[in-house]
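Undergrad: Take a look at this one; I'll ask things after.
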Amino acid sequence: MSNSQSIKIKKPRSNENFASGSYSSRRSQQIHRLSHSPMAEGFHKPKLNISPSESNLPNNVAENTTDTPVNYGSIRDENHNSRKGKDVTLNSDEAHSENVPSTSEDPDVVRRHLGGQAADDDNFSSLQLQGGDMHRQVYRWQQEVDQNKQIRRGRSRSFSAKVSDPNLHLRSVQDMKQAGGMRRDFLRNRASSISMSSNAHGNPNFLNRNFIEFLSVYGHFAGEELSEEDEDEDTDDFAMPRDVNPSLIHSTVPSEQEPLISRHGRYKLQTPGNASNGKAVLLLLKSFVGTGVLFLPKAFKLGGLVFSSATLLIVGVLSHICFLLLIQTRMKVPGSFGDIGGTLYGPHMRFAILASIVVSQIGFSSAYISFVASTLQACVKVISTTHREYHLAVFIFIQFLVFVPLSLVRKISKLSATALIADVFILLGILYLYFWDVITLATKGIADVAMFNKTDFSLFIGVAIFTYEGICLILPIQEQMAKPKNLPKLLTGVMAAISLLFISIGLLSYAAFGSKVKTVVILNMPESTFTVIIQFLYAIAILLSTPLQLFPAIAIIEQGIFTRSGKRNRKIKWRKNYLRVLIVILAILISWAGSSRLDLFVSMVGSVCCIPLIYMYPPMLHYKACANNWILRTLDIFMFTIGAFAMAFTTYMTFF
């Protein structure tokens, strides 16, 4: 059999039935489909010429061949409209090229039409099929596309350019002639008009509806694309490939198999941010206010009343400056936190930033686990009849049983209920803490306090930095804003407000309880039923917040290790599940090791994990991207020096 094969089609007899199921009829249908399957750029297109008079197809199908190309899920090529048919010549040597397509063909659609075992089976060979040598080039093309996609999936997909709405493209008469074309056009036009009218009113959406927007901030942690759409169970086979060229979206022609309202596909169009200034302020407040507030009273004891108040204010100012440096760098160099570092300094800087994010998030999660274990231990001791104090390891193990199933959640929006409950409980705990601080000071006065503690003051610096850590959520909030240029002034107001909140809670609680203040200040509350309820609810709030802290670390590690999706390969998916469980076990072990000295552990996390992200990386990025005068360069060098010195000093004092 020659590689270049010509197939001639006889003219049909008048009494021949098209649906007879004969070999020639089926062969004609296959040639008809192949001749109208859009070939990708970079391929030598086979000569496919079909004439209505010479084909073995009925008249209505032949007429449709020259006017309306049949779409099998691929994005239409403009050359389809100009295809005219005469003879059919298929050169199998021209069906393969060294260049892998990246524009028009949808590999998922091609995969559905391939026979044999699953495409993800590494032991599968198309030569084992009947006539495998004839269609081997098709399987080889599919294999090269998959390999090219695996290489591209090695890096996080954090491209932030905006793509225009594909529903706004003009539709031709031939598109309208397709079955369901007029209805499809009507639905698109109506959806477009509704969206335009809603945008014209300018009314903001409901305040952080179901906390989906806040969760999407974690889905784009530090600007990285961490979502796992390719592994969602609601992703169907009509999903657009992740590596499709966005410019070709406008030429998409729906086929008969395409649903009118497609499901949430794997390719997400970047839509402009629509968050108002007020919503951005609330997102910022949620990003900064958390568990660190409850560690501040004990930290004030470590540093002293005056020293701690002044240091907390200075740390807030320095953190604010570094946040602004990162925002300015992002405006100059678009991309995620890691992408900016990779663009300016190369892949090693990108790796360092992502590694710091992973270490910091695992450290936060471990601190949260220790906090929850300590709080639950105190609650159980109060409510039990024997007042028995169980070991912390028991409550840490209970959290392990909770975190394992939650860590297997790949769609972060499914954690919206836990985020809502956690924020409500945290707010109740802070209000209750203020209430008892004021009551205690009014009835008992100021307790025994120290203005400066020269022995343990260095530990306070790490706790203060831990409290202000939220830099990785700045960039995704900026993406969601309708007016990103307003973020610097909004951030200034938010930093002033949370600095006042942190200083007031630390100062009032330390003044109220003095040297008897505990590591978790809510444990200083008087033993009562309502107090136990508040303590328990706050512990549950932090327990439900821990999966959100682990999600970015898990996603970044997965994207660095696995280059293949687990949607169609159960083996890959279970390997990812094992990795997630191992990360949870690592966080559990770290929390168990640091649970005996929780204040020391929190200070260590702030010193080792948070300082590089806040005080070292942003000045370095700003220095290379935006420092165009000696003042800015001096500021960047000063901030980097402060961060490096603080990291070395606090780490040394913590361990030695």
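Just so it is clear, glycine is given a Cβ too, placed from its N, Cα and C backbone atoms.
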Undergrad: Pick from S14, S164, S172, S192: which one does Swiss-Prot list as phosphoserine?
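TA: According to Swiss-Prot, the phosphoserine annotation belongs to S172.
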Undergrad: Candidates are S6, S22, S53, S156; I want to know which one Swiss-Prot annotates as phosphoserine.
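TA: Matching S6, S22, S53, S156 against Swiss-Prot annotations yields S53.
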Undergrad: Between the transmembrane segment (636-656) and the transmembrane segment (457-477), do 3 or more CB pairs sit under 8 angstroms, pairs being 6 or more residues apart?
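TA: Per Cβ check, the transmembrane segment (457-477) touches the transmembrane segment (636-656).
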Undergrad: Same chain only, please: residues at least 6 beyond the ends of the transmembrane segment (419-439) with a C-beta under 8 Å from a C-beta of the stretch. Say none if there are none.
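TA: Distant contacts of the transmembrane segment (419-439): 210-211, 214-215, 286, 289-290, 293-294, 505, 508-509, 511-512, 521-522, 525-526, 531, 534, 537-538, 540-542, 544-545, 548.
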Undergrad: State the residues, same chain only, that lie 6 or more residues beyond the ends of the transmembrane segment (578-598) and have a CB under 8 A from a CB inside it; answer 'none' if no residue qualifies.
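TA: Answer is 295, 362-363, 365-371, 373-374, 392-393, 396-397, 399-400, 403-404, 407-408, 519-520, 550, 553-554, 557-558, 561, 604.
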Undergrad: Kindly say whether the transmembrane segment (636-656) and the transmembrane segment (351-371) touch, using the definition of 3 or more Cβ pairs under 8 Å where each pair is 6 or more positions apart.
TA: no
Undergrad: Given a Cβ distance threshold of under 8 angstroms, which distant residues of the chain, six or more beyond its ends, lie next to the transmembrane segment (280-300)?
TA: 207-208, 213-214, 217, 308-309, 312, 367-368, 371, 423, 426, 429-430, 433, 459-460, 463-464, 466-470, 473-474, 477, 480-481, 486-487, 490-491, 493-494, 497-498, 501-502, 505-507, 509-510, 513, 517-522, 524, 538, 542, 545, 598-599, 602-603
Undergrad: When you look at the transmembrane segment (307-327) alongside the transmembrane segment (389-409), do they share 3+ Cβ pairs under 8 Å, ignoring any pair fewer than 6 residues apart in sequence?
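TA: Between the transmembrane segment (389-409) and the transmembrane segment (307-327), contact is absent.
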